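Participant: Pulled from Swiss-Prot, these are the listed features:
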MOD_RES   S26  phosphoserine
MOD_RES   T30  phosphothreonine
MOTIF     73-101  motif 'Q motif'
DOMAIN    106-276  domain 'Helicase ATP-binding'
BINDING   S119, Q120, S121, G122, T123, G124, K125, T126  ATP binding site
MOTIF     223-226  motif 'DEAD box'
DOMAIN    287-455  domain 'Helicase C-terminal'
Amino acid sequence: MGDWAKKSEDQEVSKLVDKLNLDSKSGEETDFDVADPAETSLLIKILGKGLVNTKLSLDLQQKNPNSPLHSVKTFEALHLKASLLKGIYAMGFNTPSKIQETALPTLLADPPQNMIAQSQSGTGKTAAFVLAMLSRVNVCLNHPQVLCLSPTYELAIQTGEVAARMGQFCREIKLRFAVRGEEVDRSKKIEEHILIGTPGKLLDWGIKFRLFDMKKISVFVLDEADVMIATQGHHDQCIRIHKMLNPHCQMLFFSATYGKEVMDFARLIVADPTIIRLMREEESLENIKQYYVKCKNEEGKYNAIQNIYGCISVGQAIIFCHTKRTAAWLAAKMTSDGHSVAVLTGDLTVVQRLDVLDRFRSGLEKVLITTNILSRGIDIEQLQVVVNFDLPVDLDGMADCETYLHRIGRTGRFGKSGIAINLITDEKTMKVCSDIEKHFNKKIEVLNTDSADDIEKIGT
């Protein structure tokens with residue numbers, strides 16, 4: 001793996017994500033932002049510095065009676081090859097994460113066991129299944145033995161980089177990307193042990209061009225299954241690949257969500273699985289003080305923000321707007337009044353979004369103005385205040401309580417207290433606010449931003 005690993009190590013993240021075709025928008029322009037699941041997953045993976053430091057709850061559903069029930073507290077307990085263990089430690093993993101403790105004995109069991117795992121990015125699940133992939137390779141056989149499917153080029157590259165780093169001392173293991181831009185000599189069979197790529201490319205190589213024998217695959221990994229379902233065509237391609245595999249092939253299925261659509265998909269792919277659900281600590285309103293401010297219009301909303309900043313010391317704050325136009329208008333006004341402001345909307349490329357988030361997380365900008373493009377899963381530990389310049393509503397104009405929770409749940413985390421401020425302009429938005437209050441059964445207090453005394457109270 002030496003040459004490939006060096007090549008992968010030399011690639012910069014910015015070069016990888018820069019290949020995303022996000023600069024040119026096709027079709028009708030819209031002022032509303034919708035988070036793309038593949039882009040969001042990529043952002044979370046790249047932004048994650050090691051494992052997420054949140055409380056985790058694990059739900060193990062044992063379906064296969066032959067699957068091991070024990071967990072491990074050290075990597076040594078897995079009896080790995082010395083070269084693989086060395087790679088794990090070189091990556092900075094000292095002890096298994098919570099999902100690794102439980103998943104690895106099943107992933108590495110002999111005979112192989114199938115698994116469905118629900119776990120968000122930052123929990124160590126990629127390292128877990130990559131370890132299983134590397135462990136299963138028989139270097140004496142010069143043909144593909146492991147298939148790992150990702151929904152996009154960029155997510156496949158991310159997985160490949162993990163495999164390269166973990167397998168850097170396993171020099172005999174050969175890995176290849178099956179993604180756009182990768183060409184193959186159709187007169188020769190593929191000899192690399194591990195193929196990581198997108199469904200369409202792997203379908204072409206394995207079935208259309210018959211460059212490797214699908215029946216000889218011993219491990220099949222389907223990663224980011226929820227994103228796969230959301231990507232047109234991938235669902236059917238995955239099923240076509242699965243049908244060509246040996247019934248004894250180990251099937252590993254990973255998803256960040258656990259809805260009915262995902263599980264229906266999983267049941268088509270995985271027989272007799274051990275099911276692991278690992279949930280991050282849910283956003284909670286317990287440590288968050290919620291307020292609403294009555295304003296006459298958009299200018300009144302801006303004046304309310306100005307009054308708040310004029311009376312109390314606000315550290316890091318996120319302001320959510322309904323449209324890109326409103327976000328741009330608000331950013332221009334706040335910047336002209338001397339605030340250090342960053343803007344994050346769907347008009348930015350992934351590279352630009354990474355830069356904005358890195359600058360905000362490092363404190364270079366104190367205010368981040370965004371839309372629903374900043375979806376769940378991206379944590380900012382030092383966040384103190386969330387302002388809903390526009391309350392979240394669904395397509396029917398009704399209160400979107402789930403989005404509200406994910407928005408303000410970014411503050412009041414890690415045992416700290418937070419502040420959420422909702423700006424109200426009319427009876428319609430007041431009803432939305434009231435519906436949110438009833439849904440969570442948590443009082444949203446009125447705040448008079450024309451009173452310095454009232455504002456100072458929320459800062460204590």
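Glycine is no exception: its Cβ is also placed from the backbone N, Cα and C atoms.
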Participant: Are there residues at least six beyond either end of the motif 'DEAD box' (223-226) with Cβ under 8 Å to its Cβ atoms? List them, or say none.
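Facilitator: 37-38, 41, 126, 129, 148-151, 155, 159, 253-257, 259, 262, 265-266.
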Participant: Note the mean pLDDT of the domain 'Helicase C-terminal' (287-455), expressed as a whole number.
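Facilitator: Over the domain 'Helicase C-terminal' (287-455), the predicted model scores a mean pLDDT of 88.
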Participant: Work out the three-state DSSP category of K125 (ATP binding site).
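Facilitator: Assignment for K125 (ATP binding site) reads helix.
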